[in-house]
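A.B. asks: Pasting in a structure now, in structure tokens, and then I'll have a few things to ask.
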């Protein structure tokens with residue numbers, strides 16, 4: 001006879017195993033559900049092979065700096081244009097590839113390189129201008145070259161090519177980004193300034209009058225000598241500035257013509273512009289850093305009218321913070337003088353920009369980006385593209401109000417403004433509609449796991465994803481702890497909704513809303529998205545499968561009889 005202790009231990013082991021068996025079985029069943037039994041979620045319509053990576057410019061599409069609706073990176077290769085493209089003589093443009101790039105750059109002193117894509121409309125528009133510039137500049141010892149970045153991908157990666165065209169100018173192998181206008185004249189002028197003398201001497205009144213007539217903005221140094229430390233500091237400052245010509249003189253008559261008091265203490269410096277504010281006098285230490293700081297603060301008009309041509313001068317300026325006035329052309333006549341007076345108080349600290357609301361090509365899309373709706377004058381403060389925060393002056397547009405608003409903006413005392421569509425009156429669909437003003441309520445609800453798609457109406461990838469996303473939401477509609485939602489990222493903003501492209505899919509786990517959301521980096525099929533949710537959801541859920549096909553009566557009876565027999569055996573045990 002076995003000892004009682006052994007019998008007791010055996011019974012305990014049997015009981016424990018019987019308790020653990022259901023949980024082990026459940027785990028195995030869950031794995032089957034996730035890995036093997038999800039075919040009902042998928043069908044041919046979902047198998048589009050789309051990756052979660054949207055190959056487009058990081059962030060929203062930018063209009064020369066402001067991120068607004070549009071898509072310059074769509075492929076237009078299949079566009080059927082009935083008119084034949086004009087022939088371009090680009091024999092003076094050198095084609096570079098990875099195998100010959102480094103050797104070519106290293107052996108020449110001056111090389112401009114355009115990284116382009118064959119299907120990019122901007123690159124196509126640049127091509128004839130670039131070819132003409134190449135022909136003109138070859139006499140100066142400058143070579144213009146191009147690289148197909150879609151073919152030479154390693155080179156594009158090495159030089160951080162994020163948009164087309166990207167243009168670099170190499171001097172002795174060291175490159176600088178070209179941000180000027182994409183025209184032959186602009187390219188030629190810019191390059192000649194880079195390869196020519198840094199500053200020009202003005203020795204006669206005839207020279208002075210010619211410069212004052214031809215230059216729209218210039219800097220003149222009234223020095224004790226045309227050579228030496230003063231001239232060297234001025235020349236060093238000029239090499240840091242692309243948009244302004246630098247001159248120097250020692251002639252008192254020339255200085256007088258440039259609005260200097262001939263008896264002024266030298267070295268002295270003045271900036272002259274053909275703008276409302278024509279003269280700006282330098283009062284700092286005569287060093288290259290203080291000179292360039294003075295130039296950057298004064299080279300723009302008091303108020304810059306935003307156009308395609310002026311955009312680069314706004315966004316390439318080291319002063320990133322901006323105050324923007326949105327007004328119609330009629331209102332601008334009385335508002336801009338007030339805006340100019342305010343601009344005088346913040347020179348060197350803020351850039352003041354006027355955007356014409358009734359300009360359909362430029363003003364309207366920029367106003368849409370900033371959420372400046374209607375035709376009433378609106379002032380918006382903008383931190384620049386690094387963090388893209390916006391602030392709206394909610395009071396009347398007056399000098400005192402603008403001054404206070406600008407001071408609070410600089411001191412970071414304002415509450416950011418986020419765009420929002422109206423909150424939907426009803427929101428009962430399988431996919432919930434999120435806007436800026438209901439984001440906290442729907443997405444940051446700690447009791448819900450939330451999947452959020454940030455999309456753009458014009459985005460082809462978003463349109464392809466839509467039926468798959470709708471089907472996923474339909475399958476999961478009965479799960480109360482889970483929300484499937486979407487938000488139009490071109491019309492709505494929220495500090496927790498950061499999109500690196502369209503579509504961006506984010507997952508906000510329940511109980512963890514204070515942390516950054518998870519980026520859904522998986523295939524865009526119903527099954528793949530479901531598996532991601534199942535893996536990362538804070539609240540476990542069971543998917544309700546569709547009812548199976550009814551079985552025949554005989555098979556059901558047999559199954560029932562079998563279950564009854566099993567039950568009887570268990571009862572007997």
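Note: Cβ is positioned from N, Cα and C throughout, glycine not excepted.
TrEMBL: automatically predicted annotations, no manual curation.
If you look up TrEMBL, you'll see 546-555 marked as compositional bias 'Low complexity'. TrEMBL lists 120-123, 459-462 with the feature disulfide bond. If you look up TrEMBL, you'll see 79-196, 409-538 marked as domain 'Thioredoxin'. Residues or ranges marked as region 'Disordered' in TrEMBL: 25-57, 544-573.
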A.B. asks: Tally of helix, strand and coil residues over the domain 'Thioredoxin' (409-538) according to DSSP?
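C.D. replies: Its residues divide into 36 helix, 23 strand, 71 coil.
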A.B. asks: For residue 462 (disulfide bond), what residues in its own chain, 6 or more apart in sequence, show a Cβ-Cβ distance under 8 Å?
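C.D. replies: Residue 462 (disulfide bond) has long-range Cβ partners 453, 455, 456, 502, 503.
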A.B. asks: Test of understanding: give the count of other CB atoms lying within 10 angstroms of the CB of residue 123 (disulfide bond).
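C.D. replies: So the Cβ neighbour count for residue 123 (disulfide bond) comes to 21.
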A.B. asks: Would you mind splitting the domain 'Thioredoxin' (79-196) into helix, strand and coil residue counts from DSSP?
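C.D. replies: Helix, strand and coil residues of the domain 'Thioredoxin' (79-196) number 48 helix, 27 strand, 43 coil.
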A.B. asks: Over the span of the domain 'Thioredoxin' (409-538), how high is the average pLDDT in this prediction?
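C.D. replies: Average per-residue pLDDT within the domain 'Thioredoxin' (409-538): 93.
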